[in-house]
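Enquirer: Before we start, here is the structure in question, set down as structure tokens.
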Amino acid sequence: MNQDLLSGGSRRRRPGGSARASASSARAAHETGDEGEEEERMDHRVLEEEELRQAPPPRGVAASGAREAELWASRQSGSGDPQNEVNGEGKGPRWAWVPERRLLEDAEEEDYEEEENNNSSGSRHAQEEDCDEEDEEEDEEMDQDSDDFEHSEESARAEEDEEEEEEEEGIHSPALRNSVSGANDNADVSSRRQRANQPPRFQKEMKRKLDHGPEVRSFPSGKKPCKGSEYPSPTGLVPYPTTPTTFGHLRAANGQGQQRRRIPSIQPPTGLQEWLRTFQSWSGPEKLLALDELIDSCEPTQVKHMMQVIEPQFQRDFISLLPKELALYVLSFLEPKDLLQAAQTCRYWRILAEDNLLWREKCREEGIDEPLHIKRRKVTKPGFTHSPWKSAYIRQHRIDTNWRRGDLKSPKVLKGHDDHVITCLQFCGNRIVSGSDDNTLKVWSAVTGKCLRTLVGHTGGVWSSQMRDNVVISGSTDRTLKVWNAETGECIHTLYGHTSTVRCMHLHEKRVVSGSRDATLRVWDIETGQCLHVLMGHVAAVRCVQYDGRRVVSGAYDFMVKVWDPETETCLHTLQGHTNRVYSLQFDGVHVVSGSLDTSIRVWDVETGNCIHTLTGHQSLTSGMELRDNILVSGNADSTVKIWDIKTGQCLQTLQGPHKHQSAVTCLQFNKNFVITSSDDGTVKLWDLKTGEFIRNLVTLESGGSGGVVWRIRASNTKLVCAVGSRNGTEETKLLVLDFDVDMK
């Protein structure tokens, strides 16, 4: 297998390939015009052929064995071959007429090439068109998969195109081609003569260095192979044996003979051939010493040229050599962006990079839960299937790109609630529910922007709400909670029990916990409308509450945070430490995080009740917080937003600078990439979660700074809903819906 791969170019050459190689060498020698050098070269070849005659014939000449045997028989029998009369000799040993045979093959090859070019130009042209069409279809699909990374790819393609143009200029130069052929003729003969004089051990070491093993595969040169394609023939550059012995032979065996010169088309310097012959006459250690000195004398651009020529010969497509399972395991360590680029290397890499399980893991790392099945217009090729998980990842990447720098289209404007304040906002699926101090809630379509229905029934302003699927729960200053069917607008239950405004609530599955200004909390079953438990212990209004199905955590104006067991209605811990009202809470089942008017944020252990960290840095009331995976984002009335690690208590980022909010932060939300914040200054800003850098303004009210306010925001993966208005009439009360979705058809 090693022989097949290393000599792939020679085995696949058309008939007469070896003759063309010899012919080009002879022509190059003739063009030098130096008869003395020609005679010396012929003498070298005679010695070389004598050595080859005594040794077994190499396998590389087996393809032309029949033809040579016939020619040998005719010469021995003195048949009417005109070449028998060369130099006045009709018979003799085989090595004596090798140069004559090469002249004959030179003439034969010229006739053969002319005839073959006439006969095969049409078929080759058709084959190239089919190959190009096939490549264009695959290129279109791969470009569609990785169009979000095209900027880096375009620059890479430009560099490759420049290199290819330089290669073509160098290869098509007649002077350079002739000098290359002549120089390599001399180098080939001298190196063979030198190897004959070297000890067997040294020859064995050189063979070991050049032997790449039985599974060697040439690295793709950029163009994907198509059916019927062959390795480019190294004809005209250098005749090489079947087993590579020099670097030039190795390049030719790997099918890169036509790409070996990258230098401009210039005449070879005087004495180049003599210089090469001198180099070949040295011993191995002398050559290494000379190369060291030569490299030290080169300029950086010249060293770079050497690297470009040498490095590809020592690159191996190890991915294709591995079993598929191991190859996929290696690819699993690549970032998705790198996987998309690797898919453009060759067809086999593309098949590997399309593996559905591989992309499923990448999607899970990014929090993508569902694959995306796309109906493709093109019929996929046999053995190739598009990965739904890859499509899902690409879609999410494009959505993130839209958030960052996509065109901000005109938002949908949902007008309602007249000039009242929107006090609470919920967004689930394609439904938006807004509550107002006008005693109503409105259900909107996030797709069409139409008001689907108005929920009427409260006799006081609505100040809190929760939503899951089609169920909406609202709390009001009329001291009641109401359970609504958002689909029909029907009020399913009215929950009585509190004796003052229901200021906060938290829904978990079929139970909701409400906190009131009457200093109590109540646990309700939303399916039956029954009050299951009453939690009493606070001595002031309950301002915030969290419920995870097992524990209830509440914060109140009595500066206290309490942890409850709702089933037994007992207070497990009273978390003391704040010196002012508690306005905000977050609870993940392990940690309790409380924000207070005393400017501090405290992190508590829910099981022990101990304060783990006190987070300081804000200058005013922490009005809103969000906690996810030990990352806390807090918004403050001091106009800043901070990102914390609650495990260490460190502030990771402060979202401020020249683009910071100019007034109190009213609401915030974040995901794995972004932080979205709203403010009394009438803006909604987008920040990078990891770096804390400002990205851009998503909403900027014209009345911002003169009364326009963004009260609440709610965001999904593709949409942003903002409740805006003013208290002085400068901005109309409305909802703005921004869409960042993409079309994957």
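Every residue gets a Cβ built from N, Cα and C, even glycine.
Copied straight from TrEMBL:
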REGION    1-237  region 'Disordered'
COMPBIAS  16-27  compositional bias 'Low complexity'
COMPBIAS  74-86  compositional bias 'Polar residues'
COMPBIAS  106-117  compositional bias 'Acidic residues'
COMPBIAS  129-151  compositional bias 'Acidic residues'
COMPBIAS  159-169  compositional bias 'Acidic residues'
COMPBIAS  176-189  compositional bias 'Polar residues'
DOMAIN    316-362  domain 'F-box'
REPEAT    429-454  repeat 'WD'
REPEAT    455-494  repeat 'WD'
REPEAT    495-534  repeat 'WD'
REPEAT    535-574  repeat 'WD'
REPEAT    575-614  repeat 'WD'
REPEAT    615-654  repeat 'WD'
REPEAT    658-697  repeat 'WD'
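Can you tell me where each of these features sits in the structure?
Expert: Long-range contacts of the repeat 'WD' (429-454) within its own chain (CB-CB distance under 8 A, at least 6 residues past either end) are made by residues 412-414, 416-418, 420-423, 460-465, 467, 469, 472, 474, 476, 484, 486, 488-489, 714, 719, 721, 723, 733, 735, 737.
Same-chain neighbours of the repeat 'WD' (455-494): 423-426, 428-429, 431, 433, 435-443, 500-507, 512, 514, 516, 524, 526, 528-529, counting only residues six or more beyond its ends whose CB sits under 8 Å from a CB of the stretch.
The average pLDDT the prediction assigns to the repeat 'WD' (495-534) is 97.
Beyond the repeat 'WD' (535-574), the same-chain residues lying 6 or more positions past its ends with a Cβ under 8 Å from any Cβ of the stretch are 500, 503-509, 511-523, 580-589, 592, 594, 596, 602, 604, 606, 608-609.
Residues 540, 543-548, 550-551, 553-557, 559-563, 620-627, 630, 632, 634, 636, 644, 646, 648-649 of the same chain, all 6+ positions outside the repeat 'WD' (575-614), place their C-beta atoms under 8 angstroms from a C-beta of that stretch.
Only residues 6 or more beyond the boundaries of the repeat 'WD' (615-654), in the same chain, are considered here, and those with a CB under 8 A from a CB of the stretch are 583-588, 591, 593, 595-597, 599-603, 660-670, 675, 677, 679, 681, 687, 689, 691-692.
For the repeat 'WD' (658-697), the number of residues in each DSSP class (helix H, G, I; strand E, B; coil) is 0 helix, 22 strand, 18 coil.
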